[in-house]
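A.B. asks: So that we are looking at the same thing, I have put the structure below in structure tokens.
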Amino acid sequence: MYDIKWIRDNPEVFDQGRKRRGLEPLAARLLELDDARRGAIAKLQVAQERRNAASKEIGQAMAAKDQAKADALMAEVSALKRDLPELEAAERAAAALLDKALSEIPNLPLEEVPFGRDENDNREHHTFGEKPRFSFDPAEHYELGETLGLMDFETAAKLSGARFVVNKGPLARLERALGAFMLDLHTGEHGYTEVNPPILVRDDAMFGTAQLPKFENDQFWARPGAHPLLIDMFGREEAEEMKKNRLWLIPTAEVPLTNLVRESILDEKQLPLRFTASTPCFRAEAGSAGRDTRGMIRQHQFTKVELVSITTPEQALAEHERMLSCAEEVLKRLKLPYRVVTLCTGDMGFASQKTYDIEVWLPGQDRYREISSVSVCGDFQARRMNARYRPEGAKNTRFVHTLNGSGVAVGRALVAVLENYQTEDGSIIVPDALAPYMGGITRIEKPALERPNSEKPVSRA
């Protein structure tokens, strides 16, 4: 969220940043709204000051035994008191219009971010690993999972509808192992503090990380004691009351982890703070109709290990590179080939100043697919959360800078392991990095199959 004072002082810079995102100029309109707010504040202050002055003059007139003047002043004060609620309402309305407009503005890209319209203009940063070579046509993950009898979309659809899955047996254990491996790596070697946060959060938390109001229709929400769809049956007042009591299912652990510092003032010596969590995540995928309708790539519910850092402005860019390397290390340990791309201005997320995507190679699809996004957000989220820190030796506070990244998406990591570690008979070799978590299971296969002497399909450096 941007400071209107900064926009007033830098309207051309602001509009130029929007242009790089492919957006229309907006500074003039925002300054009109700010002028209206400032005008409403001025009118309210004039009325309040006159009320206070007239109230004081009443006492003076009474002391001077000037009843006529006192009566006139009392009438004036009464009129001002009648007018003040309307002036206060006008000030609140003007402020609300400005706040709404500001809350819907995306973050501006850093100068180093490549210009572009969409994902086709993203730039490859670097690659890691060699793509596996198979002596057979590699299958997609859902073909492998269903053939093994361990990935069940039909039952999931009966339970919950489309875009859900039931994983069973050693496949469920493999998914659990992936999450545990990631958490152990990030906490044991990368210095992150593990957190087990709520997965139901209030509006303020979703606003703080900028999921609201822009992406309200992409989220799932619930209200104790009433189905959310019943909102259409109520009037405006009842609907607003329901909204006050609603809770949101988190689309990412970025929401609760980043909001751990909302409405707080930290000491500089505490920074950077680094948090990680493995949570279920929930997304409506409202804009994804017809995309990835089969398999686990795009689900309403999925597990993700999240990384969040809270830093000073001076630490933020170095922390961004560090977070990227932490996420990459997951795939390196799993020996999964991947590439890193720098997102262009037209493909960046709403709250991001700069984003790297890590895309893992999926042989079954014969393409790279996103498995992690790592973003630096500047003070964009901190302003929405009112999260500050006090520099050493300083009286005034500054907004912290926030960063977030997937470390990584557990479901997509499972997909990548299935496709990269498949064998010709359809069984799956368990990556060496996951062996400590699998209770002796080194190969996932149909219960009736016994292939103890099968070799891995490809050597992995």
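Yeah, the Cβs are placed from backbone N, Cα and C, and that goes for glycine too.
The region 'Disordered' annotation in Swiss-Prot covers 112-134. Annotation comment: Swiss-Prot describes 114-134 as compositional bias 'Basic and acidic residues'. Positions annotated as L-serine binding site by Swiss-Prot, on the basis of sequence analysis: THR252, ALA253, GLU254, GLU306, SER406. Annotation comment: Swiss-Prot describes ARG283, ALA284, GLU285, GLU370, ILE371, SER372, SER373 as ATP binding site.
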A.B. asks: Among the binding-site residues THR252, ALA253, GLU254, GLU306, whose Cα is within 10 A of the Cα of ARG283 (ATP binding site)?
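C.D. replies: Within 10 Å Cα-Cα: THR252.
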A.B. asks: Where else in the chain does the compositional bias 'Basic and acidic residues' (114-134) make close Cβ contacts, counting only residues six or more beyond its ends and a cut-off under 8 Å?
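C.D. replies: Residues 20, 22, 328, 331-332, 335-347, 356-357, 361, 363, 420, 422, 424, 457-458, 460-461.
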A.B. asks: So how far apart do the ATP binders ARG283, ALA284, GLU285, GLU370, ILE371, SER372, SER373 get, largest Cα to Cα in Å?
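C.D. replies: Looking at ARG283, ALA284, GLU285, GLU370, ILE371, SER372, SER373 as a set, their Cα atoms extend up to 19 Å apart.
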A.B. asks: Look up SER406 (L-serine binding site) in the DSSP assignment and report helix, strand or coil.
C.D. replies: strand
A.B. asks: Can you tell me the CA-to-CA distance separating GLU306 (L-serine binding site) and SER373 (ATP binding site), as a whole number of Å?
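C.D. replies: Between the alpha carbons of GLU306 (L-serine binding site) and SER373 (ATP binding site) there are 10 Å.
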A.B. asks: Checking the spread of the L-serine site as listed (THR252, ALA253, GLU254, GLU306, SER406): what is the longest Cα-Cα distance, in whole Å?
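C.D. replies: For the residues that bind L-serine, the greatest Cα distance is 9 Å.
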A.B. asks: List only the single closest residue to GLU370 (ATP binding site), chosen from the binding-site residues THR252, ALA253, GLU254, SER406 by CA-CA distance.
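C.D. replies: For GLU370 (ATP binding site), the spatially nearest of the binding-site residues is SER406.
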A.B. asks: Which of the binding-site residues THR252, ALA253, GLU254, SER406 has its Cα closest in space to the Cα of ILE371 (ATP binding site)?
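C.D. replies: It is SER406, whose Cα lies nearest.
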A.B. asks: If one measures from the C-alpha of SER406 (L-serine binding site) to the C-alpha of SER373 (ATP binding site), what distance in angstrom results, rounded to a whole number?
C.D. replies: 6
A.B. asks: For SER373 (ATP binding site), write down the residues of its own chain that are at least 6 apart in sequence and whose Cβ falls under 8 Å from its Cβ; none is a fine answer.
C.D. replies: LEU343, GLY349, THR355, TYR356, ASP357, ILE358, GLY405, SER406
A.B. asks: Does anything in the same chain, at least 6 positions from ALA253 (L-serine binding site), have a Cβ under 8 Å from its Cβ, and if so what?
C.D. replies: VAL195, PRO197, ALA277, SER278, THR279, CYS281, LYS304, VAL305, GLU306, VAL308
A.B. asks: Are there any residues in the same chain, six or more apart in sequence, whose C-beta is under 8 angstroms from the C-beta of SER372 (ATP binding site), and if so which?
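C.D. replies: Residues satisfying the criterion: ALA327, ASP357, ILE358, GLY405, SER406, GLY407, VAL408, ALA409.
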